[in-house]
Structure formats: C-alpha cells, structure tokens
Amino acid sequence: MRTRARGLHDNVQRVQVDLTAMTERHGESRAKLNEALEANHRLSKVAIVPLAAGGNADDPVGQLVSELQRSEQLAGYAQPLVGIVEQHAALSAMNAQYADELRRLHAQIRVSVDPDTVRHFQKVARRLRRDVNAIGQAMLDMRDTLGGQFVRAVQEHDSLRLAYRTELGERKALSNLVQELRGNIRVYCRVRPPRPDEDNVIERSDDDGNCLIIKKPETGTFRFQFDKVFEGASSQEQVFDEVKGLVQLVPDGKWDRFASSRIPGYHVSIFAYGQTGSGKTHTMNGTPEDAGVQIRALNYLFECANEETDQISISLLEIYNENIYDLLADGNATDEPLKVAMSASGGTAVSGLSQLVVQSRQQVQAAFKRGSRKRSVARTNMNEHSSRSHLVLSVAFTRTDLGGSICHGRMHMIDLAGSESVGRSGATGERLKEAQAINKSLSALGDVIAAKGVSRNATIGSIAEMNGLRPLAASKKSHVPFRNSKLTHLLQESLSKDGKTLMIVNCSPSSKDVVRIHPQYSHSEY
C-alpha cells in the first residue's frame, strides 16, 4: 500500500511539473496575442499615404488605394495571429486535461492513504520500536552478565596459572633436586653386543642392575659400579630415556626451590668414552633409521622450542693433535686451527667458530654430513675407520621471555677419539703421534674429573686401565688442571660450577679388549 501511494505521489509531482510548463507556454502565447491585437489597433488608426505626390485626399481613387494598402497590411498580421490563437486554444485544452488528472490523482491518494491504514502502520511502528528497545536492554543486561563472567573467568585463569606455575616450580625444584642428588658428574656404561667371533667376558649383575661384572679365567672376577649399565640388547631409545633428564635442563634452566625463580645458563656435557670399536659413535650419532643421543637430544629441544621466543644454534668442531678445527666453516675458509679465548660471560669460547641456526632434524643431519667429510679418520689394527679426533657438537639454546629476560642454555655432546693401547693399535709415525695426543687428552679429562673429587672416577679409571691407559686416582684438589688439554680448556665452563656432566663409557665385551685390570679399581662399590 505504501509503495502504491509513493507511486501516485510521484505521478502527481510529474503532472504538476508538466502543468507548470504548460502554464508558462500559455502565458507566452497570451503575451504574443496581446501584442498582435495592439499592433492591429495601431494600424487601424494609421492614415493612408497617397500613391502619387500631391494627390488629393478627397479623390475617390486615392481613398480606394489607401484602403487596399491598409487591407494588405492587416492581412499580413492576420496569419500569425490565427496561429497564436490556435496554439492558445490547444494549450488551454491541455491545461484543463492536466488539471483533471491532478484532481484524479489527489483523489486516489486520499483513497489509498486512508486513516485506518495510517493507524495500522503507526501501530506496527510502535511495536517495532518497543521490540528494538527490549533488544537493546537485553543486550545491555547480557553485556553486564558476560562482563561479570569474563572477570570471573580471568580471575580463575590467573588463579589456575598461579597454581600451575607453583606446581611447575615445585616439579622443577624436585627434578633439580633429583639431578643434584644424582651428582654433577655421573657415569653410565654401555656394553657393545658381541660379534659372532668374540667371546663375551662382561655381564651385568642380576642382583644390582648397575653393577658390571668382568670374568677372566686368568685374572678372576671383577665388579664395577656405575650409575647405570646398559647391556648389549639395550636400544638407542632406552639410552636416551636416561639421558633426557639432563637434556631438559637446557631449555628449562635451573629452578631454585628456595628463591622460586629460574637460574639461567645451565650447561650440560655428554661424553662418549671408550676404546676404538666399542660403539661410541653409534651411541652418540647412530644411523638415520636409529638415531643416537645427539639427534634425539636436538629433536627434544625442537619439541620444547617456541618459534617466537626460542632459538637453537649448533657448532661442530674437532680437536685433532691438540688443535681445534671448525667442521662447519665455508669451503673457502682456511684450515688454520682456532684458539680458545675467554668469552664476555667469563667462560670459554672458540674465536671464529661457525654458528648455524637450526630448526629441524634435517638441517642437523645435513650439517653432520658436511662436517663428517672433514673429520680426521684413519685405519688402525683395532678399527678399520678409527676416529683420530674428538668431535664436539655444541648446542646453544636461547629463550627470551615476555619481560625481555634472556635465558641461555648450552649443551656439549662429545664423541671422544678412540682410546687405544699404543702397542696393540700398531701405530707408528703420524698415527703414533695421533694416538699419543688422544691418550694425553683423555688423561687430562680424567685428571679434571679426579680433581673435582668424584668418587666414581675410579670407574672411569678402571675402564682406562682395561684399555692399557694410565690409571686415574680420585682426589680432591684446589686446582683443577683445565688447561692441560684443549678439550678440558674448551669445556671448562661446563665441567665446573653447576655444570652437569655425563660420561657414557662404551665397552667391548671381548676378552681381547679387556687387557688388564688394576686391583685398586676392583671395588664392588664407589
């Protein structure tokens, strides 16, 4: 109905516009008619000019001529006057027609927009206005309700977050306490599975799973206590499950249960120690299908890392003949050995060592592949491919919290060069020089551990004695000889203070590899 009324109103406006135009045209025609009538009236009073000069006004012929000229002039004005009169008549008729149409349209509007219709729409409008007001009030009430619920939810969230942080702090404190009770330096032993042509003289005690028993008919039975013993059937996953407790300290930092705060800068070192062919590289690196400690530790850090706040970078170096070489350096870089210097934090660092930011296992494996091509290996009587250098993988974990505080964690995973009895290895010339440098470095590492007063040092010394190396004596000295080798100098920060050190002693079960055992290390407990 409202649409129809709006259409009629538009028609009325259109007719009024046309009527206005017709009225203007009618006025113009009337003005022209008045002008013509006035001209005719003037002509009727004009005197006839004689045809000839000096003619008499009383001459009948002259009068006829004058009348004729006057008639011709009037005839000239008559034709336009007739047209104007006809046009005026047409406009008058159209004016009357539009006036009738205008009256008809007004009548239709009055019929269409009757009072009942107006009242109906006014009633609908009032109802809609009430509904809008009710909805607005409901929205205000809902806003107040949801606002209160939101405030309570935020308070509950804060309470839960505080409880979670408290629980997390307690868990970290207990975890840290467990790590502290287990010691800053711990020793695991992993026995390599025997080959078909080998006799197995090493077994794990059934009474104490952490006790290793060596049985040799010519020397008797000896027992050695470790923090953990892995038999030959132990998997890579089982080994890493025991190592993971140390790895998780790198991103978490150290939690002080008394101050309820994190102490940043936790340092962890994991060594693979043992003679050539005992399975050190398998334990640390493994295979693409069955990864070792290094890859699994980095995978764990990748899982813990947050892309927005954390960064993981690695470096790979070798210590060969007491010289440090960067295995990730560009191909154009020189092969000059690098030097250990004091870092800005007061620790030690290798000047010019390449740092590679990594975000995936594939990037790490590619870096290992690139570095392995540069590592020094050689054939000896004890191993076809014996590593002649210490391989050090260093992982730096940096975390920036919302407050801008930065927590640094560092982990070193070291695949030590194979320790060998110089006589059994058949080393001569350059190989002999390498073996002497390796054994000197390993002895220096034992001296550092001994100087820190770790009683389980004796276990490491036992394995060293099995391999024909100089035995180590456990003692506690005020001076720790970190600078006796490049390895201990490099790892000085990790081997001191609150640094955590894990030594995985890899053993061959063959009687040929257990050359002799010194009685002073054949203790059942340490």
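Cβ from N, Cα, C; glycine included.
Worth saying up front: this structure is predicted, and the values here are computed from it rather than measured.
Annotation comment: TrEMBL describes 184-526 as domain 'Kinesin motor'.
The feature ATP binding site is assigned by TrEMBL to Gly274, Gln275, Thr276, Gly277, Ser278, Gly279, Lys280, Thr281. In the three-state DSSP scheme, Gln275 (ATP binding site) falls into the strand class.
Cβ crowding, taken as the number of other Cβ atoms within 10 Å, peaks at Gly274 among the binding-site residues Gly274, Gly277, Gly279. The predicted model assigns the domain 'Kinesin motor' (184-526) a mean pLDDT of 76.
With respect to Cβ neighbours within 10 Å, the binding-site residues Gln275, Thr276, Ser278, Thr281 differ, and Thr281 shows the lowest count. Residues near Lys280 (ATP binding site) in space but far in sequence (CB under 8 A, at least 6 apart, same chain), listed by position: Ala272, Tyr273, Gly274, Asp415, Leu416, Gly418, Ile504, Asn506.
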